[in-house]
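Participant: I'd like to ask you about the structure that follows.
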């Protein structure tokens, strides 16, 4: 059975708190797991959330500030300790290669797993698989930062009433899907486009073109909202977003489910982030993330 969900491992910005771990997010996409921004303590949070090293297939790092990458050392060593049977690919800003290598080889351990380093240098497609295309866009932060966007290819949805009208049933349904036509009836005659799902992960950044490009038409957008709108100048100065800005981005992009995260420790009321995102005009499904939360990707239209 296919599962598409976000497992939230940590939601703090800069420093962990009593209730929030450093960042960490696992996207389960059918049989694959993509780990985003493993901050300090991610390995333990995986244990608490029921996420095994075997669940990981890709690691995507947006930038090399500690709250988004210090957990790499422990996660990589755990992958090797558990002898994960498949290859792991790591994506990260190429300008931070030295940081990745320091974290990968922070201490002595036995390497048992093939880990492919795939540094990112520019906007564009970084992985093209039968199940999805993974893209990056440059963001605006004091250090080089990239956001990630996963796009599922469009498919086709068979329409029972049209199949019946053309007398197509049983094994012929599978045949027309494979071959594209049967006896003058085309696949387009008995089906419609089923748009693939889209997911985006946007961390530390000011508002910029990359934010909007990543968010466009997403079924789920996971986005930082470090500050509330009253501290918008702090957000701008330090390369971050406010909850209101995140809400406006999601509204303009037609996002279906907005997930807010990466909260400054200066705020004690999580509901304030939802209020400000709503005030920004977003009317879709909205989640203020907390540690160990599971958020299903919205079902296809």
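Along the chain as shown, residues are numbered 1 onward.
Using the three backbone atoms N, Cα and C, a Cβ is placed for every residue, glycine included.
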Participant: Say Swiss-Prot lists 67, 68, 204 as binding Zn(2+) 2: which of 262, 290, 301 is in the same site, per that record?
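Facilitator: When Swiss-Prot describes the Zn(2+) 2 site, the candidate it includes is 262.
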Participant: Is residue 262 (Zn(2+) 2 binding site) helix, strand or coil when read with DSSP?
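Facilitator: Where residue 262 (Zn(2+) 2 binding site) sits, the three-state DSSP reduction gives coil.
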Participant: Taking the Cβ of each of the binding-site residues and counting other Cβ atoms inside 10 Å, which one has the highest number: 63, 141?
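Facilitator: It comes out as 63.
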Participant: Which one of these binding-site residues has the most other Cβ atoms within 10 Å of its own Cβ: 65, 68?
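Facilitator: Checking each of 65, 68, the winner is 68.
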Participant: In sequence order, which same-chain residues at least six apart have a C-beta under 8 angstroms from residue 67 (Zn(2+) 2 binding site)?
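Facilitator: In sequence order, the residues whose Cβ lies under 8 Å from that of residue 67 (Zn(2+) 2 binding site) (at least 6 apart) are 12, 13, 14, 15, 22, 23, 39, 40.
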